[in-house]
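Right, one structure below, let's go through it.
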Amino acid sequence: GKAYAVLSDAEQRAVYDEQGTVDEEGEALRGERDWQEYWRLLFKKITVKDIEDFEKSYKDSEEELADIKAAYMDFEGDMDRIMDSVLCVDYTDEPRIRKIIEKAIDDGEVPSYKCFVKESKQKRTARKRRVEKEAREAEKTKEELGLGDEDDLKALIQRRKEDRKKEMDDFLSQLEAKYGNKGKKGGKKATPKKGK
């Protein structure tokens, strides 16, 4: 944070470049920095288009090929786990992924695992049904929440944040009403006397 503060302040930067020292008491090192701006300088905002562009460049790349082979080896041919772990794939990509693995087996690049080679049609069908069901549930939830695009999602997140803040404020008000207004009274409580 100090390095960013110094390097982003023209005066502090000039002093550092000239003398190689930092004014520890200077204005630039006080706590009123815009840290969101700092993180935006380090990490650009990711958009849906960025993700789509990455997916286009990733599919059928050497990186994807290496990831598929690694997942195949790590999970010893278990297609459920392979499909869950490889980036940017869905059930429609399964035939393509299978061909890549089969070619790697034929070329001797990876061993032949029984789990992959002898996978039953039932297991494949169950995987497809599970993914289709999840997609339908996601679409239904999207409709229930009224989400259409990225701005709708931002609005939903903001609304939920405000709701949580209101719930917390209500909770604190209840605690204050219950425990905060009771005054302590002096003296001891009289103990009831037992009859003889």
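Cβ atoms are placed via backbone N, Cα and C, with glycine included.
All annotation found in TrEMBL is predicted automatically rather than curated by experts.
Note on the coiled coil (51-78): residues 85-88, 97, 100-101, 104, 109-111, 113-117, 119 of its chain, located 6 or more positions outside it, place their CB under 8 angstroms from a CB of the stretch. The coiled coil annotation in TrEMBL covers 51-78 (among others).
Feature annotation from TrEMBL assigns domain 'DNAJC9 HTH' to 58-125.
Beyond its flanks by at least six residues, the coiled coil (121-148) meets 79-80, 83, 90-91, 94, 156 of its own chain at Cβ-Cβ distances under 8 Å. TrEMBL lists 121-148 (among others) with the feature coiled coil.
Per TrEMBL, region 'Disordered' is recorded for 163-196.
The compositional bias 'Basic residues' annotation in TrEMBL covers 181-196.
Note on the domain 'DNAJC9 HTH' (58-125): mean pLDDT across this stretch is 94.
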